[in-house]
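Asker: Quick one: structure below, then a few questions.
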Protein chains: 2
Amino acid sequence: MALIVHKYGGTSMGSVERIRNVARRIAKWHRAGHQMMVVPSAMAGETNRLLELAFSISAQPEPRELDMIAATGEQVSIGLLSLALKALGVCACSYAGWQVPIKTDGTFSKARIIEIDGARVRRDLEAGRIAVIAGFQGVDDANNITTLGRGGSDTSALALAAAFAADECLIYTDVDGVYTADPRIVDQARRLECITCEEMLEMASLGSKVLQTRSVEFAGKYRVKTRVLSSLSDPLMPLEDEMRSGTLMTFEEDQTMEQVVVSGIAHQRDEARIAVLSVPDTPGIAYQILGPVARAHIDIDMIVQNQSVEGRTDFTFTVARSDYARAMDILNASVKAQIGARQVIGDPQVSKVSVIGVGMRSHVGVARTMFRTLAEEGINIQMISTSEIKISVLIDEKYMELAVRALHKAFELERG
Amino acid sequence: MALIVHKYGGTSMGSVERIRNVARRIAKWHRAGHQMMVVPSAMAGETNRLLELAFSISAQPEPRELDMIAATGEQVSIGLLSLALKALGVCACSYAGWQVPIKTDGTFSKARIIEIDGARVRRDLEAGRIAVIAGFQGVDDANNITTLGRGGSDTSALALAAAFAADECLIYTDVDGVYTADPRIVDQARRLECITCEEMLEMASLGSKVLQTRSVEFAGKYRVKTRVLSSLSDPLMPLEDEMRSGTLMTFEEDQTMEQVVVSGIAHQRDEARIAVLSVPDTPGIAYQILGPVARAHIDIDMIVQNQSVEGRTDFTFTVARSDYARAMDILNASVKAQIGARQVIGDPQVSKVSVIGVGMRSHVGVARTMFRTLAEEGINIQMISTSEIKISVLIDEKYMELAVRALHKAFELERG
């Protein structure tokens, strides 16, 4: 008997029939003798509906009240899923975040989990009941409802798995695992049976959207055995098949990944590039440029600063395309004059393509293969950034699919 | 400076624009210097939507999960109303039932309020913040969310007013007060400026639907000054006019009601009559007949037992029309044979009409006038029941409007 955590996304919970299917799957696991904790998201579209209501009342809604409103989506889900389980003859009990309690700090809309008190839930588990726990939400020291930010249900599931020392955390989603590239772009893309936590982290931060970045950090920190798999498969498929499906996140990288240099090609379409030209190359200049942008809650991704020439340099960075206009306004309105830059230019039609793999730490040839492949396709590289296990390039958006396909082929990812 | 409780029904909270109007009204009261507690219901239709979801998953949903789901309707409302207040520049803070906390017993779906801990809310009030508190819900000893049953937000508002010793509780609804009869039936129906708590109780139990019965009991027990008034009036109307509008529930009956014998004519359309004929007149017979009906959660209203003849009697009672078929099934399936009744007959097309007034305690002529009036209109009386301040008759549904109009005229209620 193992302790298993299941997490189901909004699409899996999207209708009464889908909720029934989720219940059938959980009941199957439970009947196989496992202790079960389940974390469902709000029904698809529900969180947006609630937030739209809030924003139609106030253009700048108070985060505390937003969380009060948004948390109801998951509360409805846990009730419905518990009912569906009971209709199958399985004992289940729902928990709002504050009932567990899942204690967080007081940063509304982006709260961080501090502590989970497992006593009450553990009693339920030991009595053979399935604990159905609201994802995305918690409670702060002052008894306010908090939410963890978009995709926070993944974090809830992994935090619960860590707190209860669960044997495995299964993240059910609308894809059947992590692929070597987006299958909608690359026909030959292949599902990875396993992936290291660090690779998953790069995938998540690169917009592959399989798992929220913070939830992967959680899994890594507490070494939670985590599997990403499809909620669209037959809920009554044999358990042993299901336990081998999807993609498993691993922590013993050397053992499982010995042969593999590059695991996958990730991309992020909706990027925008901004360049502040000819700024004085003095200490603090990066802060003077990026500080006002960050204060407007605009996330900055790649940052590049050129070698300075005659005391002046160019400073380039990327933001999400949806933040482009606002970032340009901020720079042109005040920053440009303050720092004495010559010009602020930008391009909102760029995309990022990345080659990811823990194996590249010890292989120098990855960058060379990547740049040669793009050159052969006539694709100009606008920016480059690297980490230990990733090389990212910024290119014109219109070449993005071409770049992903060419790189997938160049690294022979279709072979496995 | 007074401490005022406002309660708004689902219709008043039915859209973003209506919520804004509610906020404008509250802000007006707050700016006049009052401490404000506000109890909104779920947005119109929301509770039904949630319950339908639950019942589409399970024909017999667990009450605990139903409450978990249904409570979200009010949670959304308190968040939205707080946002609307803040958008007007007024400080407000929302509270779910468990955050106050409003402690109840553990009877899911029909919980009773046991205790309200006012410490946290009082701090907010003293800091000049408006406390926006979810109606209809509470929390039991084991930290489960409970709900108070349909119309429970009225009870929440009056319980809070009692616990905080509020100066007045204003129940905003879609009617502008209590009338001498339903204005849709009697053109000359007149709004009552005040009504005693006991009269209100009879009105509520007779389906006038202005206030839930239990909430009136609460108001009476704790002598909460309660006013029923319209949420459809101009939210910015002068405060002194608003404080005189609607109908005030009073407790000093002798003082204010000295002249009035009959206050109003109430009716309840959807009744059904069931008669169990020729049953042995033995101790326990009423329990044997009504016990199985009550156990099926069917509410029984009027009960009449005839004088027995040769050791046998007829036993007649009424139920809501929607429960008629089920009640007949229960009686015919087992009860009839068990007690040796000759026959079970019924009529689902009957209505109840009542004359209500605290003054009738000391006036013998009310019954006589009532029966004479109905006789003159050719209306047959099927059952009669009386209380200290009420006489009710059951009649054929098709005469209901006629009876209400004739009685309104006979007691000269149009005069005031």
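Even glycines carry a Cβ here, placed using N, Cα and C.
I grabbed these lines from TrEMBL:
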BINDING   B:K7, B:Y8, B:G9, B:G10, B:T173, B:D174, B:Y179, B:R184, B:K209, B:V210  ATP binding site
BINDING   B:T47, B:E74  substrate binding site
DOMAIN    B:274-349  domain 'ACT'
DOMAIN    B:355-416  domain 'ACT'
Asker: Please report the Cα separation of B:K7 (ATP binding site) and B:T47 (substrate binding site) in Å, rounded to an integer.
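Answerer: B:K7 (ATP binding site) and B:T47 (substrate binding site) have their Cα atoms 17 Å apart.
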Asker: What three-state class does DSSP give B:Y179 (ATP binding site)?
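Answerer: Going by the DSSP assignment, B:Y179 (ATP binding site) falls within a strand, counted as strand.
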Asker: Could you break down the residues of the domain 'ACT' (B:274-349) into DSSP helix, strand and coil, giving a count for each?
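Answerer: Reading the DSSP string over the domain 'ACT' (B:274-349) gives 30 helix, 30 strand, 16 coil.
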Asker: Do you know offhand how many angstrom separate B:G9 (ATP binding site) and B:E74 (substrate binding site) by C-alpha?
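Answerer: So the alpha carbons of B:G9 (ATP binding site) and B:E74 (substrate binding site) sit roughly 11 Å from each other.
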Asker: Taking helix as H, G and I and strand as E and B in DSSP, count the residues of the domain 'ACT' (B:355-416) in helix, strand and coil.
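Answerer: Counting residues per DSSP class in the domain 'ACT' (B:355-416), I get 31 helix, 14 strand, 17 coil.
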Asker: Tell me the coarse DSSP state (helix, strand, coil) of B:G9 (ATP binding site).
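Answerer: In the DSSP reduction, B:G9 (ATP binding site) maps to coil.
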Asker: Which whole-number mean pLDDT does the model give the domain 'ACT' (B:274-349)?
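Answerer: Across the domain 'ACT' (B:274-349), the average pLDDT comes out at 89.
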Asker: Using a 10 Å cut-off on Cβ-Cβ distances across all protein chains shown, tell me which of the binding-site residues (B:T47, B:T173) has the largest neighbour count.
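Answerer: Its Cβ has the most other Cβ atoms within 10 Å: B:T173.
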Asker: Measure the Cβ-based neighbour count of B:Y179 (ATP binding site), defined as the other Cβ atoms within 10 Å of its Cβ.
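Answerer: Other Cβ atoms within 10 Å of B:Y179 (ATP binding site): 24.
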Asker: Three-state secondary structure of B:E74 (substrate binding site) from DSSP?
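Answerer: Where B:E74 (substrate binding site) sits, the three-state DSSP reduction gives helix.
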Asker: Rounded to the nearest Å, what's the C-alpha distance separating B:T47 (substrate binding site) and B:T173 (ATP binding site)? Just drop the number here, would you?
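Answerer: About 17 Å separates the two Cα atoms.
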Asker: Roughly how many Å separate the Cα of B:T173 (ATP binding site) from that of B:E74 (substrate binding site), to the nearest whole number?
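Answerer: That separation, Cα to Cα, works out to 16 Å.
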Asker: Tell me the Cβ contacts of B:E74 (substrate binding site) under 8 Å, same chain only and six or more apart in sequence, or just say none.
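Answerer: Same-chain residues close to B:E74 (substrate binding site) (Cβ under 8 Å, separated by 6 or more) are B:P40, B:S41, B:A42, B:A96, B:G97, B:A134, B:G135, B:F136, B:Q137, B:S153.
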Asker: So, three-state DSSP: helix, strand or coil for B:T173 (ATP binding site)?
Answerer: strand
Asker: Looking at the binding-site residues B:K7, B:G9, which sits with the largest number of other Cβ atoms within 10 Å of its Cβ?
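Answerer: When each Cβ's neighbours within 10 Å are tallied, B:K7 leads.
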